[in-house]
């Protein structure tokens, strides 16, 4: 038997190679097609550059085969001692030592087997005797347990009487009557793992929204109500109505009403119709969706298609309304961004985050960041400084600072007053996928709290930054796989993070620890808070959206 590598292992090595080389979209496509999120492989065990190393080790392996002694006739047997991880992490000398040691152990085991054959009969006799002895001991324990149960029942009766007396005394004390203090055992023991139990969000506080037939890539709450939109690889977006059916009752067990927004007639699994991104306008009356077919679509809350915007020549991966709701910004793999005048359905100029109602920033694979103004075809500002693809740009709440993150493992803060970045934030060890500003500081509903920036990375961490001084405030280490999404609560007190490790964590920023967590059955692509801050939506790679009740 020779060493072999499975297709699952090979796909994972290629996926990691694409990820580490900065081919983010190619890695995403392969990860989706090959089901990487369902792979049993522990990513922490695979070192960086594994695919290149594996190929190099293959060449060394052939060299080793050619140089083995002619007396080594059991060549296939020798090679069966080696695993793919050995070939990646060991040199030729170490591989030979592994074979030598495992052959010695194999021979030793063969010798032991001969001795064991002689001892098996005696061992079977000893086992039978031991089993008989164990049965006798178990019968004795049953008798002891029966006696203890009787004593426990008597003890509980005493506790109940004591508890009743305590309540009576407390009531008397509240009425001005002195209570008598009783000595005795506490009414209940405190569990040592109580903290971990309270952290886990119970299933009773979770609504799982089922209906999509492919992975759910995006979700967003309506800013004015209890509508949640989700977009999926099944060529549909859905609008879920999650309004409480009775006040103060929290989340309901019944499934919400849902509208299905079909992006293709007939079959609903055409790859070109994947819904990749979506966004509500400021009034919550219109939903814009972007698709792999390069079209943006605008829907009303009744699920009716209002307009289709067809100018892009490649998949749309991002789109955003301006605050006023009269312009829609779309960004595509065709290397263009377009601002749509929704009323006239024209595209007055190119561009993907709005600074205000008339200006916006764009980022691209060319490492550049441009700031445009409606009506002007040339950038009013260009920022250069990143050395890799710029994955995300976000303006702070006042529109004075622009944050960006890149495959070059850095995040940067820019100001319109300067040509060079104001701060260069470097603490992550892998690509930074997304960033978010906290809803705190000047220009927000929480003006007395510090303004922060959160960054999420493929190194499995989320980091919080002091943007005034460009310093790291804290590193949130709780995920085991790349973190794809982060979102601050409206109060700015909590941060939700979603990862490919299938977990969503809610962090208390004041305490710097996880206060709630939920683990689903697929990687998480996006998390989103509702405007009240008491519900969190998370979309999963297993075709579901989960709505989590969050009330501390």
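Each position is counted from 1, following the chain as shown.
Heads up, the Cβ atoms here are built off N, Cα and C, so glycines get one too.
Straight from TrEMBL, the features:
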REGION    109-164  region 'Disordered'
REPEAT    209-243  repeat 'WD'
REPEAT    268-300  repeat 'WD'
REPEAT    309-350  repeat 'WD'
REPEAT    383-424  repeat 'WD'
REPEAT    425-475  repeat 'WD'
REPEAT    476-517  repeat 'WD'
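Counting Cβ pairs closer than 8 Å and at least 6 residues apart in sequence, the repeat 'WD' (309-350) and the repeat 'WD' (268-300) reach three or more and so form a contact. Tertiary neighbourhood of the repeat 'WD' (476-517): same-chain residues 19, 37, 43-44, 199-201, 430, 433-440, 444-446, 449, 452, 454-464, 523-529, 531-533, 536, 538, 540, 546, 548, 550, 552, selected by CB-CB distance under 8 Å and a gap of 6+ residues from either end. Averaged across the repeat 'WD' (476-517), pLDDT for the predicted model comes to 94.
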